[in-house]
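K.L.:
Handing you this structure, nothing more for now.
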Amino acid sequence: MAQSQLPRRVATLVTGLLECVAFSGLVFGWTSLVFVLKSDHYFEDLCDQPVNLTSNATGLAECNAQDSKFSLIFTLASFSNNFVTFGTGYIFDRLGTTVARLIAISLYCGATLLVAISSPGTGLLLFAAFPMLAVGGILFLFTNLQVGNLFGKHRSTIITMYNGAFDSSSAIFLIIKLLYERGLKLQVSFFILCAFSIWHLIRTFFLMPKGHIPFPLPSNYTYGLSCSRRPEEFQETKDEVSKEEVELKQEANPPSQKAKTDQSDSRSFRSCVLSWQFFWHLIWLSVMQLWHYFFIRTLNPMLNQLAQGDQNLVSSYTNAFAITQLFGVFCAPWNGLFLDRLKKKYQQEARKKGFPESMADLHSTFPSLTVTSLLCLGFSICASIPILHLQYLTFILQVISRSFLYGGNAAFITLAFPAEHFGKIFGTVMMLSGVISFLQFPIFILIKGPFQGNPIYVNVMLILVTLLSLSHPFLVSRVWRRQEKQV
């Protein structure tokens, strides 16, 4: 790495991490914000009688119609976060970093302005604001993941760290809640968030590339508005990238395994999407993601029920949940380190047994997939037990499970499918899982309606569905065992 470029690259890394922590996954701090929105009387007119007249001495009463509105807003936001992933990935791949980030900034600025000018009488603005905020946030994450390419051997660690930072950004709404309790209006907080659009613009033009950061990275690679490169430098960069890519491919694919690798990499996008690996991975991701989204959207009503309407207790547990989300940035890299270590181990075994290394890479995901499923199972069981103090353990398991889920998702797609289809397959998986996550709203209506607020039957059903996710690692492991029998 050229020493002259090191300060700029470090600045890009640090500011990118701050951007992901502070702005990319705000909508997943929904539980903290709902507390503020209820205190500001959003959608209170839908209740049969004023909430403050039906409450006990300790706080606000439960209003099903109000909860349904908030639930629908989060459903639309989380659905948008997943469903548009294919489209936003295409925009990023096709049009480059600058265009993608300008779209993200426009959505982010528009969303925060809509919340800032909203009031209880114009609460419908929230239905547009939070899906916009979700899409803008995922675009911020997309454009920052390539920063790992600037740091070669630390690439995987940085990518998983950025994914963890995305999870941790949900704690920003906790800060807004705490400031609200100390007298700062919700609208003022969102005007401040909107003002940070200027910072995003500065970073876009001075600390990010116009196109994409290549990998492997050429030694003379520069980026940012202050760089003035002659046209021939672009050609030189392209030639260097091509040479390094050839060398890396030759290292990764020795002659003895070249035929097997080529056969594996020749799969079309259609054949990948129609494979059993894709199907079971989609099931694995979707059922656990549904649990996480459903938990976040129903946490406030659940805490109200378990705390018997005591808003001091509800506020305390809401703060505890938001604080645990901060640790997502520290949990996520462990899954990446776990996978890297196992990958080396299984590759050594594959060489001894004459297996293709691609099979070793796939088998290395088995422990990660299994641990993630078990973590989600433990989290779902704790969340289903109606004991208030147990929810502290639920919060811890939830943040670890969620951090492992998305890192494991990206890792499996990277290792199980050809590299040239990564963006399309990743986008397709997230889009389809987003469609399945939309089930959270009818499930919520089912609990509030026919089940009269008792979630036990739905929780048991979701736990049984979560058990289905264990089929995915089992089938991955069976491929390895079949190959061993054939040798």
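Using the three backbone atoms N, Cα and C, a Cβ is placed for every residue, glycine included.
Predicted automatically and left uncurated, TrEMBL annotations should be read as such.
Feature table excerpt (TrEMBL):
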- 12-36: transmembrane segment (TRANSMEM)
- 70-92: transmembrane segment (TRANSMEM)
- 99-118: transmembrane segment (TRANSMEM)
- 124-147: transmembrane segment (TRANSMEM)
- 186-206: transmembrane segment (TRANSMEM)
- 278-296: transmembrane segment (TRANSMEM)
- 316-339: transmembrane segment (TRANSMEM)
- 360-389: transmembrane segment (TRANSMEM)
- 395-417: transmembrane segment (TRANSMEM)
- 429-450: transmembrane segment (TRANSMEM)
- 456-476: transmembrane segment (TRANSMEM)
K.L.:
So, do the transmembrane segment (456-476) and the transmembrane segment (124-147) meet, by the test of 3 or more Cβ pairs under 8 Å (sequence gap 6 or more)?
P.N.:
no
K.L.:
Which of 186-206, 278-296, 360-389 shares the most C-beta pairs under 8 angstroms with the transmembrane segment (12-36)?
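P.N.:
Selected stretch: 186-206, with the most Cβ pairs under 8 Å.
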K.L.:
Sequence-remote contacts (6 or more beyond its ends) of the transmembrane segment (429-450), Cβ cut-off under 8 Å?
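P.N.:
Hits for the transmembrane segment (429-450): 64, 67-68, 71-72, 75, 78-86, 278, 281-282, 285-286, 289-290, 293-294, 297-298, 409, 413, 458.
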K.L.:
Who are the long-range neighbours of the transmembrane segment (99-118) in its own chain, taking Cβ under 8 Å and residues 6 or more past its ends?
P.N.:
23, 88, 91-92, 125-126, 128-130, 132-133, 135-137, 139-140, 142-143, 186-188, 190-191, 193-194, 197, 200-201, 204, 208
